[in-house]
Amino acid sequence: MYTSRSLFSTLASCLSLATLVASSPTTNQNLPSSKRDATVEQNVFFDINGKEVETRIAKLKAEGYRPTSLNIHGTPTDAKYAGIWIKQDGNPYETIVGANKTTYDAWLDQWKASGYVSTQVSATGPASNAVFAGVMEKIPSIRNWTQICGTSSPYAYLNATGDAPIVITGVSLYGTPTERQYCVLGHEDTDNHQQTVWFPTSSSQDYKTIEPAETTKRFWRPVFIDSSEDKLLASIFDDTSVGNWTVRTDLTASQLQSEITAQKANNMHPIHISGAGSTETQYVVIFTEQATPLERNWHAVGDITGFPDNARVKRDLDEILQKFMKRNSVRQAQVSASINGTVIASRAYTWAESNRAIVEPSDKFLLGSVSKAFTYAAVDHLVSTGVVNLTDHIYPLLGYTKPADPRSLNITIQHLLDHTGGFDRGMSPDIGFIFTTVAQSLNQSTPATLRQLIEYVLAKPLDFEPGTRSVYSNYGTLLLGYLIANKTGETYMSYLEKNVLKGLDVEMYTTPGADHTNDRIVQETKFTSISALTPLSEKRVANVYGGDGAVKEAAVSSFALKASADTVSRFIGKHAAYGLGPRQLFMYRDGTVAGARALAYSMAKLDWAITLNTREYLDENAWNTLVFTDLYQLWGALDSALPL
């Protein structure tokens, strides 16, 4: 799989060309009525030869239709074509069909020299005798693009593009099973577009298992599928919104018309088509409610109340967040500032499609390791009430006296707070994310518990002598969360609510994706892996829903609380952002986990916090610039001007 960023249609057994006019539905749970397509006029063809397709394309071009999908399949001597054209205005375009590689490359170079961009490429046949079809358009906004054909490894494309950010827009599989070839096309990525690309190399990479995994991520969908002659499917998924969608695979020509008719009755448009097979062609089609993805809209809500020039603070803060979110493709965020636990600045930001929630200041975001601040406050309460001492040895306190590494008996509560307990995630796996591994080691089909994880770790050697150096560890706060429950007889969350939160609205972010189907805040990640909830299955889910190896119910004390930025800024007005005790000047805590990024910062007078619904921005430098330069300078200037 390549992770960086469909369309299909088809027609009748007795017809090689048809015109479809589809009206959008009057009701829909996904798209507001104002955002649905009005009337879409399409022209869909399939199972026609080279002479026919040239005639068809010329006629369509003359009538104002534009290509959205073009596919060549079959043998070089008897190539067949399928395509979708839509009637709409647009940039000039050129097409080529049935060209050998020499002719195709010359055509590509000719139109590239005239400022055209390759937008579609398709090939069929063996490597030595392949034939190509393609579309090029004059799109001034695309300044850089890269297309490679004739490679046996699609990952060679990444080497060709180097560090340049690229959105892969098309893939074509051709050649033979023993000498497979790929065409890969990509355009420059100017807005951190999120996608995953699956290049199959064998039948074990079945689209029917890929799609369910990819779509555990809310709003993700297939945008492109290409079929090899032996029916392997290359696919591209992204998180753009087109309302309802569906994919149909393995359709014979005789099944196409009925499928088109059925989908039309549901107001679904075919947007992409691919065929394969030299005898009986089978087709793959993507249907969508919206022919083109929804555009994003900018929203900023909330109040600024605590400064001499509130309007200017609002303007400056909004400019910082708008610039960051648009450049980094971040959809949801909050920023808050408080003094002595009272919120004086609260802004919620949305850069998203109309079928997603507009963020409010009260919405709760996954906090990642900012959750640890609440655990430290809970431990502080345990110490202040005499339940434990910082010098207590953690494992004997929990009833464990025979670890595999005797040095484990020397680990104190203070060591865990200071990240000096002997756990180095640079030497061993990050213990917070090995719940899947623990369950698999026990041949257990149910999720590993925190107790099982602790006992798994106890059977391993430490990475270094406790107390000799500090290395950030999620395991320390897992142990502290277990300690809280073990010594008080309450759940971690119950203890927090009774002794720490004082009415603040903080919750646990649960693991199952089904729990978050209707969440206003979508914690976004493009990555998937084996679910920690079903560790012995092959089921893959979004990392935020257990694909990262974490069971959040067990790891809540380390990185699985959710709250608003307002709540966080108020909390650190009373408690240390980092460390034990009351509020501390110029201390901060940074949190990152799949699907989230957050930061809490105490300055001289101001306490401020930021929450994002993803950590998949351009790079870590983008985050550091946002929080440690732009926001730090803004809040720092305001902080210094506030009265003591």
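The backbone N, Cα and C atoms fix where each Cβ goes, glycine too.
Here is what Swiss-Prot says about this protein:
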| type | residues | note |
| --- | --- | --- |
| ACT_SITE | SER369 | active site |
| DISULFID | CYS149-CYS183 | disulfide bond |
| CARBOHYD | ASN100 | N-linked glycosylation site |
| CARBOHYD | ASN144 | N-linked glycosylation site |
| CARBOHYD | ASN159 | N-linked glycosylation site |
| CARBOHYD | ASN244 | N-linked glycosylation site |
| CARBOHYD | ASN340 | N-linked glycosylation site |
| CARBOHYD | ASN389 | N-linked glycosylation site |
| CARBOHYD | ASN410 | N-linked glycosylation site |
| CARBOHYD | ASN443 | N-linked glycosylation site |
| CARBOHYD | ASN486 | N-linked glycosylation site |
| SIGNAL | 1-23 | signal peptide |
Practice task
Would you mind listing, in sequence order, the residues at least six apart from CYS149 (disulfide bond) in the same chain with a Cβ closer than 8 Å to its Cβ?
Solution key: LYS101, VAL121, ALA123, PHE132, SER172, GLN181, TYR182, CYS183, VAL184
Practice task
Using all protein chains shown, find which of the glycosylation sites ASN410, ASN443 scores highest when you count other CB atoms within 10 A of its CB.
Solution key: ASN410
Practice task
Look at the recorded positions ASN100, ASN144, ASN244, SER369, ASN389 and tell me which residue has the greatest number of other C-beta atoms within 10 angstroms of its C-beta.
Solution key: SER369
Completion exercise
Mapped onto three states, the DSSP assignment of SER369 (active site) reads helix
Exercise for the section: Enumerate same-chain residues with a sequence separation of six or more from ASN486 (N-linked glycosylation site) and a Cβ-Cβ distance below 8 A; give 'none' if the list is empty. Expected result: LEU397, LEU398
Problem - Closest of ASN100, ASN340, ASN410 to ASN443 (N-linked glycosylation site), Cα positions, glycosylation sites only - result: ASN410
Exercise for the section: Please work out the number of neighbouring Cβ atoms within 10 Å of the Cβ of ASN159 (N-linked glycosylation site), leaving out its own Cβ. Expected result: 10
Exercise for the section: May I ask for the distance between the residue listed as 'active site' and ASN159 (N-linked glycosylation site), taken between their Cα atoms and rounded to an integer number of Å? Expected result: 35
Exercise for the section: Compute the C-alpha separation of ASN244 (N-linked glycosylation site) from ASN144 (N-linked glycosylation site), stating it in Å without decimals. Expected result: 32
Exercise for the section: Using C-alpha positions only, work out which of the glycosylation sites ASN100, ASN144, ASN159, ASN389 is nearest to ASN410 (N-linked glycosylation site). Expected result: ASN389
Handout entry: Residue with minimal Cβ packing [other Cβ atoms within 10 Å] among the recorded positions CYS183, ASN340
Key = ASN340
Fill in the blank from the handout: Three-class DSSP assignment, CYS149 (disulfide bond), comes back as strand
